Amino acid sequence: MMHLRLFCILLAAVSGAEGWGYYGCDEELVGPLYARSLGASSYYSLLTAPRFARLHGISGWSPRIGDPNPWLQIDLMKKHRIRAVATQGSFNSWDWVTRYMLLYGDRVDSWTPFYQRGHNSTFFGNVNESAVVRHDLHFHFTARYIRIVPLAWNPRGKIGLRLGLYGCPYKADILYFDGDDAISYRFPRGVSRSLWDVFAFSFKTEEKDGLLLHAEGAQGDYVTLELEGAHLLLHMSLGSSPIQPRPGHTTVSAGGVLNDQHWHYVRVDRFGRDVNFTLDGYVQRFILNGDFERLNLDTEMFIGGLVGAARKNLAYRHNFRGCIENVIFNRVNIADLAVRRHSRITFEGKVAFRCLDPVPHPINFGGPHNFVQVPGFPRRGRLAVSFRFRTWDLTGLLLFSRLGDGLGHVELTLSEGQVNVSIAQSGRKKLQFAAGYRLNDGFWHEVNFVAQENHAVISIDDVEGAEVRVSYPLLIRTGTSYFFGGCPKPASRWDCHSNQTAFHGCMELLKVDGQLVNLTLVEGRRLGFYAEVLFDTCGITDRCSPNMCEHDGRCYQSWDDFICYCELTGYKGETCHTPLYKESCEAYRLSGKTSGNFTIDPDGSGPLKPFVVYCDIRENRAWTVVRHDRLWTTRVTGSSMERPFLGAIQYWNASWEEVSALANASQHCEQWIEFSCYNSRLLNTAGGYPYSFWIGRNEEQHFYWGGSQPGIQRCACGLDRSCVDPALYCNCDADQPQWRTDKGLLTFVDHLPVTQVVIGDTNRSTSEAQFFLRPLRCYGDRNSWNTISFHTGAALRFPPIRANHSLDVSFYFRTSAPSGVFLENMGGPYCQWRRPYVRVELNTSRDVVFAFDVGNGDENLTVHSDDFEFNDDEWHLVRAEINVKQARLRVDHRPWVLRPMPLQTYIWMEYDQPLYVGSAELKRRPFVGCLRAMRLNGVTLNLEGRANASEGTSPNCTGHCAHPRLPCFHGGRCVERYSYYTCDCDLTAFDGPYCNHDIGGFFEPGTWMRYNLQSALRSAAREFSHMLSRPVPGYEPGYIPGYDTPGYVPGYHGPGYRLPDYPRPGRPVPGYRGPVYNVTGEEVSFSFSTSSAPAVLLYVSSFVRDYMAVLIKDDGTLQLRYQLGTSPYVYQLTTRPVTDGQPHSINITRVYRNLFIQVDYFPLTEQKFSLLVDSQLDSPKALYLGRVMETGVIDPEIQRYNTPGFSGCLSGVRFNNVAPLKTHFRTPRPMTAELAEALRVQGELSESNCGAMPRLVSEVPPELDPWYLPPDFPYYHDEGWVAILLGFLVAFLLLGLVGMLVLFYLQNHRYKGSYHTNEPKAAHEYHPGSKPPLPTSGPAQVPTPTAAPNQAPASAPAPAPTPAPAPGPRDQNLPQILEESRSE
C-alpha cells in the first residue's frame, strides 16, 4: 500500500512535465475565436452561419438542405490539447444533432477520427435544443483543426449545432527521421539510477517497423520501444544475475495498424517493478520479471535509431521513419533540447524539426452503399487502373467499369483476402483470375491492373515476380466511368451491376488511364460523384487490440466488427466468456454421470483455466480427485534448516491457483500426508521453528502435520498421547536410529492444497527422511448454499463490480413479495448527465428485468411469465450476461431473451459506487425474500458473511426453520437447506431426523457404565485449544439449551419457560481457551423407569471429595445429594415412590448456589445453597450410571444405596455436553483408543428407548402421554381464545377479591390502637408521705418469635426488656400514645 501511494505521488509529480501537464487544462477554446476561424461545408442562412456555432449563442449552425456531407470546422489558430467536447442545439428551435463524428488534425487536408473506447467513432449528441452535453475524452489529443460531422439529427427538425471545445495551448517540439538518422541524449551525470521513470512521446509514421527509443546499462538493464508489424512493443529489464533464478526480460505489445500517419500517444510509468504502459488512452498494467527494482542506464539514450557503436548490439533493428514529438524522460524534454541543439544531444544524419512526409489524401469507405465514381477516357484500347487500399474485410468490390461499345465489363473484387479479376464480354467465356494473399491484414497494398487486346496483367505491391499475366482473346475499349468501392443504388441508373458487396476500408492514389485522380475536385463535386465516403481521412482501426476475446480466444475482425473463435479454450459465447464445463464433480453427479475423468472449471467464467480431474461418483456424493507428481515416496538426504529440501507438488493438468479454487469452492477437502524418518526430526525444535513443514494455499507455511489441527505444532500422536516419546508430540521428534512414521489427513479446507513439502534435518550421516502425499480429494459445493434472508428494507453493500469487457450474474431467489431489486451498481458519469449502471430486479410478480446503461443509453431485457408468478415462494434461477456483442437474460429453463449490441460498442462498466444487493442505491425498492449462490464473473459473494440481524438480514433462508413442518426437539439445531431443512442433533442426547428418538439402555442387575470426564475433557481441550470458532464453555444470561434455536420444543420446563438471568454453564465465550468444563454449574437431564429400590441412577465423582448423585431410596423416593466443599446438601426430589415401572424424567440445573429442579411435570422449584456450601464442583473425574464403582473414599450414604445396583432403563442421559449412552450406542466401531479408555461398560447393557414414543406433529394429549402423572396430580393445559377469556375472568375475580380484602382491612383498622391520658391527680395525692401511685400500665410485652420450620426451637425464652423510666414532672401532664402491640 505504501508503494502504491508513492507511485501515485510520483505520477502526479512527473505529469507536470512540459507538454504533459493536464492540470488546469480546461479552457473554453471556441468562444474567444474570431468568426473566420469557424467554417462549414455550407449554411442554411445568414442567421445559421458557422460564426453562430458557439455555446449559448443566439442562434446556431445549420447546413443547407441537401448537403450530402455536412461538417462544421474549427481553426484554433495553433496547436492545442483537447480534453473535452460539448454540443448544444440551435437556440429556440427544433434543430439539434443526436449523433456525430469528431475529426482532428494539424492540416485541413488530413484528418484523424477520434475513437472512443471500443473503437467507436460515434458520439452521443443532444435530445433538445438547450441542454449542453459534454464528453470528457478518455485521452487528450493535440490538434489545430477540429471538424464535427453530423450523423443523425432530430427527425422533426434539421441539423442544428452549437459547439464547445475544452483544453489548453500545446507546445510541440517535433523531430523528423528519414530512416537513416537518429539522436542520442547523454545523461547529466553520465548514468541514470532510478527507482521510478516516466517515458512519454507522440509519433506518427506509415512504416510498419522502426526503433523509437532505446537505452541500456552495463548490468543488463535496458528499455526499448519499437514498432514491429505496426504494433508497439515495450522491452524492459531491470537486470539479471547468475544467482537470481528468474530472468528479468519482459515484453509487452500494444496497439495495431499504427502506421496510419496519425499521431499516437505513448507513455510508460514505472515504479519499481510496477509498470503502466499507455497507448492512446489504453492502459496496460503489469509487473516486470526478475527480482530487482532499479533501472540502471549507462551514458545515453537513443531516439529514432542507434548512433555509433551502439548499432552493433541491435544491428537487426530498423531505424524509425516518421515524426516524433515531445520526447519526455523524467521531466526532461529531449525533443526541446534537440531543437535548441543542446550539448547533451548528439545527431546522426540530418534530423529535421518538422514533418516532411507527403500528406496522404485517403478516402474512407464506411457506408452500406458507398462508392466514388470518376470519369475516364473512353474508347481507348488499353485499360490501366492503379490504387492503394487497406481493409480488414475478406470481401468487397474494389473496381467496376463498363467497357465501351457494349463489349462487357471489368470487375476487381476482394475475395478471401486476394484480388479477383473478372472480365466479361458478350459471346465469350468470362475471364477470371486472382492475385495476392491475405490482403485483408489492415496494411496498405498497391494494385496495378492493365488490360489490352488479348492479355491482362495485375501486380500487387510491386513485388518482383508476383505479377499475374493472362493471355486470352480480349477486345478492350475503355468506358466513360470507373466505380471505386461499390456500385450506386439503383444500379440501373448508373449502369453498374455487381453481385459483390460494397468495399469497406480506405483507398488512395487513384489512377485511371495513367492519370492521378484529383480527389479535391471530386470532394467538391466538380469531378465525378460519390456517396457515403469521407475524404482526407482513413478510419481504419485495430478492433482486436486490445483483444476483447477472453480466455485466449482468437480475434478476427472486419471493418466494423470482430469475431471470437473459442475452439480449444474451454469456453464459448460471443467473447469466449461462458464456461463450457461444469464447476465440480458434484455437478456432473447431479446431471447423471458416472465415475471417470472429467474437465471442471471451479471459477466458472473467471480467469482460471479448466482442468481434468477424476470424479469418483457415488450415490450420495461425488469425490473430486486431483493427482500430482509426488504420488510415490520421495527420499531426502543432505538437507538442513539453512539449506532445506523443497519438494514442490505439481498437480496434473492444473496450476496451484486452479487447484486452490477447487478447494475453496468445496464443502470438504482432505489430503493424506506421511513422513517417515530415520534419525531425522520433524516439528520439535528448541527455538520453535520446525525442521520440516508443508506449504499450502497462498504460499502460507503450516507447522502442524496430518491428523492434527491448525494452530498447534503437533502430529496425530501428539493429540492422543501415543507418541514414542510421551514428552514429544511427533514420533519422528524422538530422533531415534530406526524408522518412525507420522501420518494423517489434512482436512482444513482453507489451507489446502499442499503445494510444497520442506524437509530440513537429513544432513547427518545416518539421517534420512521420506515423505509421501496422496491426491487431493474434495466433495460438495459450499458456494451453492451461501444464503441470506432479507426481512425489511435492508441492503448489503459490496465493493464495485470489476469487469473489463464482460459481465455475467447468476443467483437463486425466493420471495412472496411482488417486486424488489436483487442487485444494482452505479458508476461515474461517462458523459455529462449519463451514468452507467447495471440492475437486476423483480419488476412485477411475472416480470424479471435486466436493466443497464453501458454507454449506449438505457436498455432492458424482460423475462415474462404467463403460466405462473415468480413470487410463489419457490427457488428460481436468474442468469444475466452482457458483453460488447450482446446482452441476454434467462430465468429457470425458459428461453434466453437476447439483445444484440450496436456495432463498435464499448461496454462502459467502470463503477465507483458500492454494489447493492437486496435493493437499489439508497435502499430504494428493497427486496424481501431469500437470495443464494450469487456469482459475478465466477466469484461468489459471501452473502452469509454480511448478514446482520439488526439491519434486517439473517443468514440462511428462514422459510423452513421459522415455520418447520416438524420442529427440532430437545435443543436440536435447525439447518436450512435448498428445499428442505435438517436437524443437527450432535449436542443432544437424542437422534433421529428431528432429534426425537430416545437413546437409552436397559441395565441388568450389576450393570454399570463409567464415562471418564477428565480424559474426554483433556482431549477436547487439546483439539480445540486453537480454534476460536468452536463452542467452549462460558456464560450467557437466561439460557436454556435449545431456546436460541428456531423450531425448539421445550422439554421438561414447559412451553415458553426461561430460567432467571443467571450465568449459564457450558455456554461459549469468544476467545476462551481455558478448561472445557465449568465447575460453577451443571446441567443434568435423563429419563428412567424401574421397579426396584434402592439404586444410584447417576453419580459424578471428582478428584477431591466433591460429588453429585441422584438416587432412589429404600422407600422408592428420589433424592439429590451434593457434596460441594465440606458441607453436604440433601434435597428430597419426590415424596411419592417412582418405582412404579413408569417412565419418569429429571432435569437439574445448578448455577453457583442456585439450584433449579423439575421432576416429570411437577412445577419447577428453585433452591438456594447456604453460604457455607461451596459454589464449585471441583475437578470432576467420572460419570457413573447404574452403580458407583469408584476407588477411594465414598460417602456412606452412597454406599448404602449402591448395592445391588440399578435394574431398569435409563435414556436421554446428558451431563452438560456429555451424552454417554448416545456415545456408547452411536459411535462407529472400532472406537478410538482415547474414547475406549474414557468409556467403560460392565455387564449386559442393551439399547432401549425405555418405552418412550417419538414426538408427533402436535402435542400429545395427556391420556396418551407416557410421561403423564397419575390422576391425583392433574395437569391442565388450555389453549385458544377460551383460555385467554378464562384467564381474564380469573384475574378479574382475584383482583376484586383482593380489593375487597384491602377495603375491609382499612375500614376495620382505621381507628385501631389505645389513646391513654394521665389525668391530673388530687392535691392530697401529692402530699409528702402519701403512698406512691400504682403504675397505670406496664411496658408492652414483646411476643416470642415463632421458630421456622427448618430451625430448632429456642431453648429458653428471651429475657424481658428493662422497664422504661418514669416520666419526669414536666411530662406528667402530657398525653401519651401507645401503639397497639403486634399481638393484637
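Even glycines carry a Cβ here, placed using N, Cα and C.
Owing to the predicted nature of the structure, the values given are computational and were not obtained by experimental measurement.
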According to Swiss-Prot, the disulfide-paired cysteine of C25 among C8, C168: C168
Candidate cysteine (C961, C985) that Swiss-Prot pairs with C974 in a disulfide: C961
Sequence-distant neighbours of N420 (N-linked glycosylation site) in its chain (C-beta under 8 A, six or more apart): L412, T413, L414, Q432, F433, A434
N956 (N-linked glycosylation site) to N860 (N-linked glycosylation site) - Cα separation in whole Å: 31
Cβ neighbour count (within 10 Å, all chains shown) around N499 (N-linked glycosylation site): 8
Rounded distance in angstrom between the Cα atoms of N763 (N-linked glycosylation site) and N1147 (N-linked glycosylation site): 63
Long-range Cβ environment of N664 (N-linked glycosylation site), under 8 Å and at least 6 residues apart: P602, R697, V749, D750
Candidates N276, N499, N597, N948, N1147 (glycosylation sites) - the one closest to N804 (N-linked glycosylation site) by CA: N276
Cα separation, N860 (N-linked glycosylation site) to N499 (N-linked glycosylation site) (Å, whole number): 38
Reduced DSSP assignment, N499 (N-linked glycosylation site): coil
Cβ neighbour count within 10 Å of N956 (N-linked glycosylation site): 24
Site with most surrounding Cβ atoms, counting all protein chains shown within 10 Å, from the glycosylation sites N276, N804: N276
Number of other Cβ atoms within 10 Å of the Cβ of N948 (N-linked glycosylation site) across all protein chains: 12
Number of Cβ atoms other than its own within 10 Å, given for N597 (N-linked glycosylation site): 10
